[in-house]
Amino acid sequence: MPTLLLNASEVVTCEGPPRARRAPEMTDAGVRANAAVAMGDDGRILAVGPDRELRAQYPGSAEIDCARGVLTPGFVDSHTHAIFGRSRHAEQELRAAGVGYMEIAKRGGGIHSSVRDLRERSEDELVALAASRLARLAAHGSTTIEVKSGYGLSLESELRTLRVIRRLAAELPVRLVPTFLGAHEIPLEYREAPRTREDYIALLVEEMLPAVARESLARFCDIFCEPGVYSAAEARRILGAARGHGMALKLHADELEHAGAAELAAEIGATSADHLAAVSELGIKALAASGTVATLLPGTMLFLGRSKQAPARAMLDAGCAIALASDFNPGTSPTVNFPLILTLGVSQLRLSVAEAFVAATVNGAAALGLAHEIGQLAPGFSADVALFDVEDHREIPYWYGDHRCVATWVRGRKVLPAGQWKT
Ligand code: NIG
Ligand code: FE
């Protein structure tokens, strides 16, 4: 029996071609007033249209009253680090006192402290921690969530992290996309004789990537390509090996300082280049001329207290396809609130509301290679839907920091409140 979502004041459809959109295509989010959405038994959208038409077309359907709220495609959060142990709240005050993100890492904190923590936790513990965090992300309207490893940095603990993601993907009602980020840092034990960074890179290429591929644990391979972490030359080697194992590619590119990572991402055909606050003009040109999605993470720069955001308008003008994501992680972006990312997209990156919605849905889907399946409310697409308690879609980024999402559906099935998720 189909299900009709009726009595919505607006439906943001984002309907259009199933691929990354660029300006000027991004300026139309396909908003329809007083429309309804029909979801089929197969978990796909059947139709979007006036209530009366859909009722006539699908008699005997289950009906859900949207109470004049706004329906949108579920957000596609294409960049998170959701598998970690404890929070890192102490670092926030340290940064406020003038100790930079990289300096904290040099002192053995930052990513290293999450690594020490994660290595001591069991698979069950990590599943329980991540499930409650993913439930919070879903409660704000995210229905597809990319999840990276990267706090294990050893063969055993990276595999354990990816197995946690696989378990969560099978058991939770949201769609998860796994990414291997063994190249998130050089672990501390590879910085002193007898072990070297080259030994860790050899471990990544010769043991970790083959093991991840053997168990089909990751769709993507990512790397933190940044001065002081991995160089562009090292990224080229590691990502080349990942491609050889059938993985698609992502980069943490030019996040804090320029590293030529955007240029590399475009050259090697990465699916996305993420962050880009320190992208060069050449990097922008290279991305614009490529099929690589530029994924911007404005929550990160806000939380780090940095005034410089990615040059989104220049990127749009140059012809880049832009996606928005949360970068949810314990160090640089501990927010689960995707509508807040829309707010920052508008107020910090100067996107229009329509551009922000397309960036958060269709282009997020393209950043995961899933634009043919999710990201729009249009016939044939997965029925991944979010309902907001607002009358006008522009209020979703406007009421910043609020929690207006009142329901989500994934593959046409209502996502239950967190307490009712089973793992
Ligand atoms: O995307 N920069 C690298 N990775 C994360 C932060 C990870 C952390 O600090 O734990 C990011 O900002
Ligand atoms: Fe990240």
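Just so it is clear, glycine is given a Cβ too, placed from its N, Cα and C backbone atoms.
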Determine which of His245, His252, His403 appears in TrEMBL for the same Fe(3+) site as His79, His81, Asp327.
His252
Which of Glu15, Glu255, Glu257 does TrEMBL put in the same 4-imidazolone-5-propanoate site as Arg88, Tyr151, His184, Thr332?
Glu255
For a three-state summary based on DSSP, what are the helix, strand and coil counts in the domain 'Aminodeoxyfutalosine deaminase/Imidazolonepropionase-like composite' (41-60)?
7 helix, 7 strand, 6 coil
With the Cβ atom as the reference point and anything under 6 Å counting, tell me which of the binding-site residues (Tyr151, Glu255, Asp327) are near ligand 2.
Asp327
Are there binding-site residues among Arg88, Tyr151, Glu255, Asn329 that sit within 10 Å of His81 (Fe(3+) binding site), Cα to Cα? If so, list them; otherwise say none.
Tyr151, Asn329
Determine the binding-site residues, out of His79, Tyr151, Asn329, lying near ligand 1 in the sense that the CB is under 6 Å from one of its atoms, and give them in sequence order.
Asn329
Integer mean pLDDT for the domain 'Amidohydrolase 3' (118-415):
98
Let me know the largest Cα to Cα distance in Å among the N-formimidoyl-L-glutamate-binding residues Tyr151, Asn329, Gly331, as an integer.
11
